[in-house]
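Presented below is the structure to which this report refers.
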């Protein structure tokens, strides 16, 4: 009701369920204290909803964007692998199984109980069939053959009817409250990332926009209300939304229809699941989880961006060999590290002139671009902040030294006279960045060169003006384009020769004074 997506079908998802179960079962064993475990699940859902709604109200939706595509691909594959390993309990009929989620503990638990495994090979073929058919035929076979009396584990009795209100079950006073809060925040972020990504995907097909912050508020309120009505973490699963989309849904009313169908099942159809064998459910879950391991996406990451592939594999290995939290933390940390590297180590590019034009481009990307004698043109490819100011100062100084050495080695008559900084990609600058420009000017002045700025943005210009840097540099040395800056510098180089009479060249003089 509160969201903006027309196609999203809400419900529980495997990854959210796995996360909630794995994190809560570390502190509370559901087999020993089921009531507390369930109450903590409701409490975690409440805090997940509170966190999601708060992000939406404070318009902090950009936080979810830190879960990159590579992180989600690796995390989903790792989580799917862990879920598949956990289902071996049902398939092999093991009564005692580890609650750990890493592959080492799971395999140790399996091989330590090989003599206790209850093998029922004549029922294994069921898992190869479609899920609904498997449930129906599996339940029918167990009922007709009384297989539950011969070692085949079944679901057993399910309570009919709707679950009662759970507002009084929220464990705010529990000793495990921090566990519930931590679980709620982590699962809430994952649920948001998946739900919003799925909503945006289907909105793209129908050419409409969804409001990310509005979706967060909707997810948050849904989970807050759900925690008070015996529900746990809910988001927008891709598979259910795909079915909803293909069925031709037009509005979110389709979710009401689904809710009514679930309600009818709970009230009238639960006895039909009594004889459903657990091996069938385990096989269905494994089949569904294997579909989440996107090999093609991982190979695409390797082809396009090796660092993204590293992030993907870090998430996968962290989840499979460590834990879900470790995999998530490692992947997000690597993504943040990449962002920091982008900010702290921006590119500085030498520009050259494309033949028969006034266009200046990267000399490495365009081999036909030629540098201008006596002029070094550098493009700064990022905002200038405290994090990269020192690095940029060193890079610019190094470029100047390399250019001077190159000209000296070539024994050319022309020496370096001007350093032009193309500021077109500098969208913002802070006081550390301004100090960097002031120090760069001092370095250039000591070498008896001239610093020139080209195409600074309006915000950058305002700060440079307020800091008196423009006054110190001289407004006549700030130009609208690199081409104009080069023309002015060439004019001055031409004037420096004693045989030329520059004052007679009115057009060149106008070019010199054409500044921002």
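Numbering starts at 1 and runs along the chain as it is shown here.
Cβ coordinates come from backbone N, Cα and C, glycine included.
Taken from TrEMBL, the feature transmembrane segment applies to 40-58 (among others). Here the transmembrane segment (40-58) has Cβ contacts under 8 Å with residues 20, 23-24, 28, 64, 166, 169-172, 174, 176-177, 179-181, 183-185, 187-189, 191-192, 213-228, 230-234 of the same chain, all six or more residues outside its ends.
Look at TrEMBL and you will find 123-144 (among others) tagged as transmembrane segment.
Summarising the annotation, TrEMBL assigns transmembrane segment to 175-196 (among others).
Panel annotation: around the transmembrane segment (217-239), residues 1-5, 8-13, 16-17, 19-20, 41-46, 48-57, 163-167, 169-170, 187-188, 191-192, 194-196, 198-199, 201, 288 of the same chain, lying at least six beyond its termini, place a Cβ under 8 Å from a Cβ of the stretch. Feature annotation from TrEMBL assigns transmembrane segment to 217-239 (among others).
Under the heading transmembrane segment, TrEMBL lists 251-269 (among others).
The transmembrane segment annotation in TrEMBL covers 276-293 (among others).
Taken from TrEMBL, the feature transmembrane segment covers 313-337 (among others).
Here TrEMBL flags 365-489 as domain 'STAS'.
Note on the transmembrane segment (175-196): residues 8, 10, 13, 15-16, 19-20, 23-24, 26-28, 36, 40, 43-52, 55, 61, 63-64, 67, 72, 75, 210, 212, 215-216, 219-220, 223, 233-238, 325, 328 of its chain, located 6 or more positions outside it, place their CB under 8 angstroms from a CB of the stretch. Residues of the same chain lying 6 or more positions beyond the ends of the transmembrane segment (251-269) and with a Cβ under 8 Å from any Cβ of it are 1, 3, 5-6, 8-11, 160-162, 244. Outside the transmembrane segment (313-337), and at least 6 residues removed from its termini, the chain residues within Cβ reach (under 8 Å) are 18-19, 22-23, 66-68, 70-71, 73-75, 77-79, 81-82, 100-104, 186, 190, 298. Taken residue by residue, the domain 'STAS' (365-489) breaks down under DSSP into 66 helix, 21 strand, 38 coil.
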